[in-house]
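Chemist: Okay, handing you the structure first.
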Amino acid sequence: MLIIDIGNTNIKFGICINNQIIQTLRISSQPRRTADEYFFFLNTMRNQLNTNNFTITHIIISSVVPSITKPMIELSTHYFNITPTIINNQHADICNIKIDLNDKLLGSDRLASIIGAVTLYPNKNLLVISMGTATVFNLISKERSIYGQVITPGAHIMAQSMRQHTALLPEISQIKVNKVVHNTLFYAIEAGVYWGYIAMVEGIVKQILHEENKDLHIVATGGNSILFIDHKNFIKNIDPDLTMKGMIYLHNMLFNK
């Protein structure tokens with residue numbers, strides 16, 4: 001099976017065999033790319049696999065960028081002769097998940113992550129933190145009801161905003177920085193973004209725990225979740241592939257596997 005997770009910043013492809021993600025490829029999200037270009041990227045990934053009999057028989061897509069969804073559907077139908085499964089809010093009902101929010105529209109990536117979390121951690125009150133372009137804190141009851149949320153900028157937006165709104169500050173990447181105080185401009189900005197993001201997430205988690213006043217099983221996913229590998233004192237479960245795992249679980253439910 002081919003898994004395609006289309007985000008605002010990156011597109012992540014995954015090859016799944018026997019419910020296991022065996023290969024992934026991440027590229028930047030660029031709406032003007034064609035189905036032919038995506039097929040080239042996929043061939044590069046497939047050529048790295050040490051298997052001669054692998055055939056894509058199913059494709060499932062999560063997308064928050066409609067302009068990229070269209071060429072991905074074309075990729076699926078033209079090159080693989082497959083009508084892909086496109087995740088939408090109706091799939092919440094299939095997975096026995098209730099969206100108990102005033103705004104019922106939920107991003108497909110969020111839904112996939114939540115499907116993954118409630119499947120891996122059943123009968124638990126959950127706080128699922130999706131760390132992508134935006135950072136989304138999802139509260140899910142042990143009865144599988146999505147009842148609360150907090151949405152903040154992601155680390156990438158924080159770094160990008162610094163560059164866009166200042167004339168002289170250098171461009172930086174959001175990477176792990178061992179200490180917060182530096183005597184050079186570049187590292188001072190990197191440390192500010194990294195430790196500022198860590199402090200923001202930790203502070204919001206603490207406030208959520210205070211307001212909820214109950215045990216929450218906390219899971220972090222998304223590209224920026226790896227920034228918290230050394231901060232497991234308040235986020236013990238870090239799973240960058242949780243969204244893709246949720247897509248696999250949904251596929252299995254839809255096709256009775």
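Every residue number used here counts from 1 along the chain in the order it is shown.
A Cβ is built for glycine as well, from the same backbone N, Cα and C atoms used for every other residue.
These came from Swiss-Prot, pasted as-is:
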BINDING   ASP5, ILE6, GLY7, ASN8, THR9, ASN10, ILE11, LYS12, THR133  ATP binding site
BINDING   GLY107, SER108, ASP109, ARG110  substrate binding site
ACT_SITE  ASP109  active site, proton acceptor
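A description of the local structural setting of each listed feature is requested, covering burial, neighbours and distances.
Modeler: For ILE11 (ATP binding site), the count of additional Cβ atoms within 10 Å of its Cβ stands at 22 [all protein chains shown].
Neighbour count (other Cβ atoms within 10 Å of the Cβ, all protein chains): 22 for ARG110 (substrate binding site).
Remark: ASP109 (substrate binding site) has ASP5, GLY7, SER62, VAL64, SER130, GLY132, THR243 as non-local neighbours, by Cβ distance under 8 Å and separation of at least 6 in sequence.
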Chemist: Rounded to a whole number, how many Å is the Cα of THR9 (ATP binding site) away from the Cα of SER108 (substrate binding site)?
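Modeler: Cα to Cα, THR9 (ATP binding site) and SER108 (substrate binding site) are separated by 15 Å.
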Chemist: Taking the residues ASP5, ILE6, GLY7, ASN8, THR9, ASN10, ILE11, LYS12, THR133 listed for ATP, what is the greatest CA to CA distance in Å, to the nearest whole number?
Modeler: 13
Chemist: Which one of these binding-site residues, THR9, SER108, THR133, has the sparsest Cβ neighbourhood, judged by other Cβ atoms within 10 angstroms?
Modeler: THR9
Chemist: Using the Cβ centroid of GLY107, SER108, ASP109, ARG110 as the reference point for the substrate site, which residues of the same chain not in that list have Cβ within 8 Å?
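Modeler: Near the substrate site, the remaining chain residues are SER62, VAL64, ILE87, LEU106, LEU111, ALA112, SER113, SER130, THR243.
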Chemist: Compute the C-alpha separation of THR133 (ATP binding site) from ARG110 (substrate binding site), stating it in Å without decimals.
Modeler: 12
